[in-house]
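Listed features, source Swiss-Prot:
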- Gly310, Met311, Pro312, Asn313, Ala314, Gly315, Lys316, Ser317, Asp356, Ile357, Pro358, Gly359, Leu360: GTP binding site (BINDING)
- 187-196: compositional bias 'Acidic residues' (COMPBIAS)
- 48-303: domain 'Obg' (DOMAIN)
- 304-476: domain 'OBG-type G' (DOMAIN)
- 65-89: region 'Disordered' (REGION)
- 146-215: region 'Disordered' (REGION)
- 1-28: transit peptide (TRANSIT)
Amino acid sequence: MWLIRAIVPVRYLGSYKRPQKPPWMRNPVVFYSDFSEKKGKVAPLQETRMRDRFTLYARGGEGGSGCSSVRRSRADRYGKPDGGNGGRGGDVILECTHAVWDFSGLQPHIKGGKAGHGTSKNRIGNRGEDKVLLVPIGTVIHLQEGEIPSQVENESPKDLDPWDLPGSLVEDPASEENSDVHQETMSESDQDDTEQESLTRQLGMPKEADFEDDDEEIDQIRYNVAELTQQGQRVIIARGGEGGLGNVSATRYVRGSKFAKSTIRQTNLRSMEDDAEEDDERSSIKAGLLGSEAVLILELKSIADVGLVGMPNAGKSTLLGALSRAKPRVGHYAFTTLRPNLGNVNYDDFSMTVADIPGLIKGAHQNRGLGHNFLRHIERTKVLAYVVDLASGLDGCEGLTPWQQLRDLVMELEFHEEGLSDRSSLIVANKIDEEGAEERLKELKRRVKGVKIFPVCAVLEEGVAELKDGLKMLVDGNGEPSERLKLENICVD
């Protein structure tokens with residue numbers, strides 16, 4: 001009977017028909033668009049450029065505060081202090097490696113990890129996490145504001161005791177009686193002033209700074225304060241703040257004077273603990289210090305033995321591919337290379353690095369074309385290889401003659417830095433396979449003196465073996481006087 005009563009309502013509800021969907025939902029509208037999902041080809045000059053100059057703001061992590069705690073027991077009614085010291089803040093470290101080649105992966109603001117606070121049972125706070133930034137080999141550090149970076153020694157900073165604050169627990173109490181009494185009788189206002197001064201000295205921080213990446217020179221920059229030229233080399237650019245003292249260490253410090261001993265006889269530790277808790281925020285002993293701050297300008301100067309310098313579309317990238325296993329981007333238009341490319345040329349008992357520098361034009365020192373900022377990458381090179389286009393200006397075509405190209409290249413190097421062209425040099429006469437290039441080569445040898453000229457065809461790899469031997473002789477040196485291309489040795493008229 002009860003089963004029939006349960007089935008009847010279910011049948012009654014099932015008699016209702018489900019609402020049908022409206023026609024516009026049964027037949028959805030299909031939208032069409034003329035927009036193609038296929039992405040268009042990116043223009044050549046829209047390629048991401050190399051970021052070889054970067055402004056970095058670094059700040060060390062904050063130190064942890066000391067703990068104010070009391071351990072009580074049946075035998076000790078008032079208890080004993082057992083608060084631990086705060087941990088030391090994390091550092092900001094720069095490490096050079098072959099894994100990166102520019103500063104595109106860096107963030108403009110970086111801060112070390114915050115340290116942990118001390119806890120009861122005399123436990124020390126955790127040390128802040130170090131922030132390690134990877135930079136390419138050849139990074140030069142310019143200091144705008146802050147402390148000078150220091151090189152990391154073999155001993156890691158993590159091995160140091162975080163409670164090892166300079167001049168706190170290692171002093172002889174007997175030799176500092178007068179100073180201890182003076183510290184105990186200081187007023188609260190004097191303590192606040194001392195705390196503020198100590199924090200200011202510890203920070204060494206700028207008040208206001210513009211952290212955008214400009215090309216403008218700043219007046220108060222300390223140039224070349226540090227360089228990273230070896231794999232795995234590390235430099236600390238911002239140190240973490242020291243941790244504050246817990247009431248265990250603070251009590252030991254107070255007990256070091258005779259005045260404090262007489263005071264302790266009259267007052268118990270509980271009253272001292274209450275006073276310490278009330279002045280916790282104002283106490284410079286128990287509060288952790290802030291980390292140091294610095295504003296740095298990072299600049300990349302690639303380390304290469306040979307620098308390929310030439311006008312746009314002279315065939316430098318193709319030549320680099322013929323000399324080494326590098327695969328730079330090659331195109332039939334000017335300014336194909338937007339970033340320096342590096343390649344290794346290996347011999348049986350010798351190896352050297354060749355850098356392909358983006359093309360230079362006349363007036364590059366006035367920021368024409370790609371400018372001359374990339375020339376900093378050849379400041380460390382031993383040899384300059386001037387790559388000229390023999391086919392330029394032939395048969396009424398537009399372009400400069402090879403000797404005019406050499407004159408403009410030497411002038412742009414000197415405009416960038418005086419004496420930059422005064423190093424071992426040779427000339428690479430590229431595109432020797434073009435019609436009329438042989439006569440142009442003879443004219444080039446007549447107009448340019450004092451430097452060896454190597455005719456090559458980078459596409460067909462003709463003359464590349466002789467060029468490798470010439471580069472090896474200049475890089476290796478062997479005590480022989482090197483040849484230098486000078487402006488007075490180029491006859492243009």
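Glycine residues also receive a Cβ, built from the backbone N, Cα and C atoms like all the rest.
Considering other CB atoms within 10 Å as the measure, the emptiest surroundings among the binding-site residues Pro312, Pro358 are those of Pro312. Of all the Cβ atoms in the protein chains shown, 30 others lie within 10 Å of the Cβ of Lys316 (GTP binding site). DSSP places the residues of the region 'Disordered' (65-89) in helix, strand and coil in these numbers: 0 helix, 4 strand, 21 coil. Taken together, the residues of the domain 'OBG-type G' (304-476) have an average pLDDT of 83. Counting Cβ atoms from all protein chains shown, Leu360 (GTP binding site) has 27 others lying within 10 Å of its own Cβ.
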